[in-house]
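Asker: What Swiss-Prot lists as active site, proton acceptor is 155, 273. Annotation source Swiss-Prot lists substrate binding site at 157, 274, 306, 343, 344, 345, 365, 366, 367, 368, citing sequence analysis. The Mg(2+) binding site feature in Swiss-Prot is assigned to 181, 183, 184. The annotation N6-carboxylysine is assigned in Swiss-Prot to 181. According to Swiss-Prot, the feature site 'Transition state stabilizer' maps to 313, an assignment based on sequence analysis.
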């Protein structure tokens with residue numbers, strides 16, 4: 001009598017239909033054949049249990065996932081699995097992940113498992129809104145048509161009082177920074193309450209906009225429980241802000257989907273910080289790729305998301321970051337494009353290479369590379385803007401520095417250093 005049925009989920013001659021969701025996995029079997037391991041993934045992520053059953057509903061039979069591709073790759077294998085849409089609730093990222101990234105990661109029959117990519121058909125994708133603004137919308141409300149947007153986190157990222165933070169914000173915005181940004185763990189504290197900060201910072205922003213005749217914005221961190229985030233978003237909108245920042249991984253997908261609806265009602269763009277992503281994206285053999293995370297975030301509707309730099313201090317090589325950025329900026333049915341954010345170890349000397357690698361549709365966030373300028377944050381901001389202008393004009397930084405003392409001092413300090 002047949003007991004296990006994992007191979008029933010493997011059909012390498014199967015051709016997926018246009019209305020099926022395709023998922024690509026890397027896996028390493030543990031004590032079972034590659035075919036059985038792949039079948040176990042397909043079974044557990046669709047309708048399966050470990051054994052044959054007394055009765056099988058007709059709908060369940062039609063909902064069986066199918067492994068249709070299996071090839072050796074390094075120490076493991078690449079499998080492609082087709083999932084009928086009957087397995088998925090419309091418009092629910094959390095239900096999708098409970099299937100394709102759920103129990104399968106705990107199976108003993110696998111040494112390693114990594115979700116590489118997924119391809120939703122339009123019939124599934126149409127239930128997601130994507131970004132409210134996207135690249136085009138953000139460029140319009142910021143009034144920046146061609147160059148990369150600039151952003152800075154006041155460093156150190158903790159410890160500022162509201163008044164101190166406001167003073168730094170004034171200097172940074174006045175020096176040419178477009179977007180002031182809170183860091184991932186900077187929310188609300190006895191020494192710097194969110195409610196006080198939001199009011200003070202937007203007053204400063206209005207002053208700088210009048211003085212510089214440039215649009216300025218504040219990526220204020222509203223991360224918290226859902227009820228707290230909603231209240232904070234309302235405060236931002238009431239003060240005339242047009243952005244909020246959310247730590248999307250620690251906040252969770254369900255909360256992010258809810259806040260996408262809230263921010264649309266309030267007219268707010270979402271800046272997505274990816275803190276904690278490396279817990280499951282960094283190991284090349286196990287977890288979920290940052291590419292897949294970026295795709296999920298775009299479906300839900302963030303307007304910009306951190307992707308890496310390839311030249312800074314954070315993990316992520318050029319090919320990985322380039323692939324993510326290219327996807328975020330590509331046409332994808334009705335889903336708007338998303339601004340990639342380069343951050344982590346950036347300074348003026350790296351601008352020509354960064355822009356050469358990734359182009360001008362980019363948010364360039366430099367924290368220490370602005371705040372660490374010998375003459376202070378305003379000079380650091382101007383040095384960054386001058387370096388970006390030089391890169392776009394095709395002018396060598398050393399040549400540009402002859403007319404920019406701020407850039408010269410930045411180059412004297414950091415040169416073209418790539419932080420480790």
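We count from 1, first residue shown onward.
Backbone N, Cα and C atoms are what each Cβ position is placed from, and that goes for glycine too.
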Asker: So among 155, 181, 184, all listed as recorded positions, which is physically nearest to residue 365 (substrate binding site)? Use the C-alpha atoms.
Answerer: 181
Asker: Would you mind reading off the Cα separation of residue 306 (substrate binding site) from residue 184 (Mg(2+) binding site), to the nearest angstrom?
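Answerer: So the Cα of residue 184 (Mg(2+) binding site) lies 12 Å away from that of residue 306 (substrate binding site).
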Asker: Let me make sure I understand the span of the substrate site: among 157, 274, 306, 343, 344, 345, 365, 366, 367, 368, what is the greatest distance between any two Cα atoms, in Å?
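Answerer: Greatest Cα-Cα span of the listed binding residues: 19 Å.
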Asker: If you measure from the CA of residue 157 (substrate binding site) out to 10 Å, which recorded positions from the list 183, 184, 273 are inside that radius?
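Answerer: 183, 184, listed in sequence order.
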Asker: Quick one: of the recorded positions 155, 183, 184, 273, which has its CA closest to the CA of residue 367 (substrate binding site)?
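Answerer: Checked the recorded positions 155, 183, 184, 273; minimum Cα distance to residue 367 (substrate binding site) goes to 155.
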Asker: Relative to the Cβ position of residue 183 (Mg(2+) binding site), how many further Cβ atoms are located within 10 Å?
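Answerer: Excluding its own Cβ, residue 183 (Mg(2+) binding site) sees 20 Cβ atoms within 10 Å.
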Asker: Checking your reading of the structure: which of the recorded positions 155, 183, 184, 273 lie inside a 10 Å Cα sphere centred on residue 344 (substrate binding site)?
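Answerer: Taking 155, 183, 184, 273 one by one, none has a Cα falling within 10 Å of residue 344 (substrate binding site).
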Asker: Cα-Cα separation of residue 184 (Mg(2+) binding site) and residue 273 (active site, proton acceptor), in Å?
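Answerer: About 7 Å separate the Cα atoms of these two residues.
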Asker: I need the CA-to-CA distance for residue 181 (Mg(2+) binding site) versus residue 273 (active site, proton acceptor), whole Å please.
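Answerer: About 10 Å separate the Cα atoms of these two residues.
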Asker: Just to be sure I understand the packing, how many Cβ atoms besides its own are within 10 Å of the Cβ of residue 155 (active site, proton acceptor)?
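Answerer: Here the count is 18.
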Asker: So if I measure Cβ to Cβ from residue 273 (active site, proton acceptor) and keep only same-chain residues at least 6 apart in sequence, which ones fall under 8 Å?
Answerer: 184, 221, 223, 245, 246, 247, 248, 306
Asker: Setting 181, 183, 184 aside, what same-chain residues sit with their Cβ within 8 Å of the center of the Cβ atoms that define the Mg(2+) site, listed in sequence order?
Answerer: 153, 157, 182, 185, 186, 219, 221, 245, 273
Asker: Which whole-number value in Å describes the distance between the Cα atoms of residue 183 (Mg(2+) binding site) and residue 155 (active site, proton acceptor)?
Answerer: 9
Asker: Mind checking which of 157, 181, 306 has the fewest other CB atoms within 10 A of its CB? They're the binding-site residues.
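Answerer: So among 157, 181, 306, the binding-site residues given, the one with the fewest Cβ atoms within 10 Å is 157.
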Asker: Around the C-beta of residue 365 (substrate binding site), how many further C-beta atoms are within 10 angstroms, looking at every protein chain?
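Answerer: Around the Cβ of residue 365 (substrate binding site), 27 other Cβ atoms lie within 10 Å.
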